[in-house]
Amino acid sequence: QMAAAAGAAAGLWSEVNRCGQNGDFARALKSVNKILQINKDDVTALQCKVVCLIQNGNFKEALGVINTHTKVLTSDVIAFEKAYCEYRLNRIESALKTIQSASQQTDKLKELYGQVLYRLERYDDCLAAYRDLIRNSQDEYEEERKTNLSAVVAAQSTWEKVVPEDLGLREATYELCYNSACALIGQGKLNEAMKKLQKAEELCRQSLSEDSDVTEEDIEAELAIIHGQMAYIMQLQGRTEDALQLYNQIIKLKPTDVGLLAVIANNIITINKDQNVFDSKKKVKLTNAEGVEHKLSKKQLQAIEFNKALLAMYTNQADQCRKLSASLQSQSPEHLLPVLIQAAQLCREKQHAKAVGLLQDFADQHPANAAEIKLTMAQLKIAQGSVTKACMILRSIEELQHKPGMVSALVTMYSHEEDIDSAIEVFTQAIQWYQQHQASQIRGPKSPVHLSLIREAANFKLKHGRKKEAISDLEELWKQNPKDVHTLAQLISAYSLVDPEKAKVLSKHLPSSDTMSLKVDVDALENSHGATYVRKKAAKLTGENQQKEQGQGEVKKKKKKKKGKLPKNYDPKVTPDPERWLPMRERSYYRGRKKGKKKDQVGKGTQGSTTTGSELDASRTASSPPTSPRPGSGAAVSAASNVIPPRHQKPAGAPATKKKQQQKKKKGAKGGW
């Protein structure tokens, strides 16, 4: 029986060897299980089973086998396989402990150690590990190690703001070009980074197009991460429309990389801000995909959570916003954004006092971040109209009191409140700070910022009539630069109202008019292009005016006085009527118009009397053609725009019964007006 079992085991091992060479690990696993039925503690069979499970992607089952047979599969025997299973199951800390506990550090363990350090974001240690691997390894994986090394440098530049050193790597692959572009983005060199990404895209197309089995869709899927980084650069450059278009193109490709989709969705949300929130709510689902937390760095995940909280605030989900921001604050108690989001939410709810109190508590607990918090508190006070309280908060930020921007803001706000004394006090404190911190250079020249503050203080005091207070500042400026004529003039002007004698003494330092005269070559100035143009234009205008005047003179000379026309019936023997220029009605001999006879006779006489037949002959009026209106009558009608046309007017002699008949007819009609 033992001989038969040994023979069966030998056949099974041959089957395992053949399947392993063919890559058929599922079939090999069946043979290994049969061997283990014969001998359950066979170390080699257990190792082969773990390898087959790993090759089939069953990392959890493989780790279970290792943990079940710890007596047989010691750390020296199976350390790499155990650490690799833990790494693939995202148990990164456990994988690190397994690697460090191994008695012998093989090359495989060192490779895995570099990957583990990268996932733990221990970039300095990771960089040292890969440098050691590249220096002590010579095999076909050298290009992959260099790619990983460049990825570490890019991560340092992006997340730790470390200026990357030149590794001297030849960027022959698109992966190396891409990592180099990421490092440049971390340094803020966006244009150079874009060129690197364009080169990476070109190299990627070239390398993938050589494989006949690769389709255009496969190439676009591989280029998705490069295009995503291009869109990110566009967004940083302010080209949001171009970035948004490229982001949406990548999403339409439906890439399998959940990390890439999450980053793109997050960036689209940042572009939308408080607009297009419906689209943002759809995109935020991509950031919640399974496995995203293992694909992105801690800072990327944190940024996504911040944006979720802000989106909740923009969509008026106050409870959700408070929940997310509180969770973020518990994870990173020293971080500013969670408390700022909470304060913003309180302001949206009109609870400004509570928001200020929240910020004040945070500033007291975290003095290192107090400056930024107090700036926000001051902004809230200004929004409430409490400018003086805002100034008090700003002046409590000691590390910013001497900054020109802070001085300018405080002076502007105090001026708005008409508190000139406080504004001058701000200038004085800032100037004193520079004097104290430059005591070692008291004999040397003052810094440009210091002198600029003194000048601004002097100008401010002069503007508000504080000439006595401005004199000391002006004297200090003139002392630093005795050739400054402008400062000297201001100083003399200030002294003229305070100490006229001193003003006279200082006026002697003013340069004479001869020394102040500009040394100008008049001939060169007149022959310059601008002067020539002006002179030509002036000459042209003068010539035109002269021609015009001459032409007008000729016209005046040619004009002759014409004799007035006399009326046709003019009789030189008869004296003209002296009242001929007056209107007829105003003349002394005007007697009025003669009244017509027919008009006087109409309607006169006793009732029933008749007129002559020639005047009221019905047959004559009926057959006679209509008479034309008198001149001017038609014009008066057409001039009135509100006059109703004749067909709409009621006939002058129409009886009342006729009017009722017309109204009855109109009831059934469908008017077209």
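Each Cβ is built from the backbone N, Cα and C atoms, and glycine gets one as well.
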(message) I'm validating the feature mapping. Which of 92-147, 204-259 is tagged coiled coil in TrEMBL?
(response) 92-147
(request) State the non-local partners of the repeat 'TPR' (224-257) in its own chain: residues 6+ outside its ends, Cβ under 8 Å from one of its Cβ atoms. (result) 174, 178, 181-182, 185, 190, 193-194, 197-198, 200-201, 204, 217, 263-265, 267-268, 270-271, 286, 295
(request) Work out, from DSSP, the number of helix, strand and coil residues along the repeat 'TPR' (224-257). (result) 26 helix, 0 strand, 8 coil
(request) Restricting attention to the repeat 'TPR' (224-257), give the mean pLDDT. (result) 94
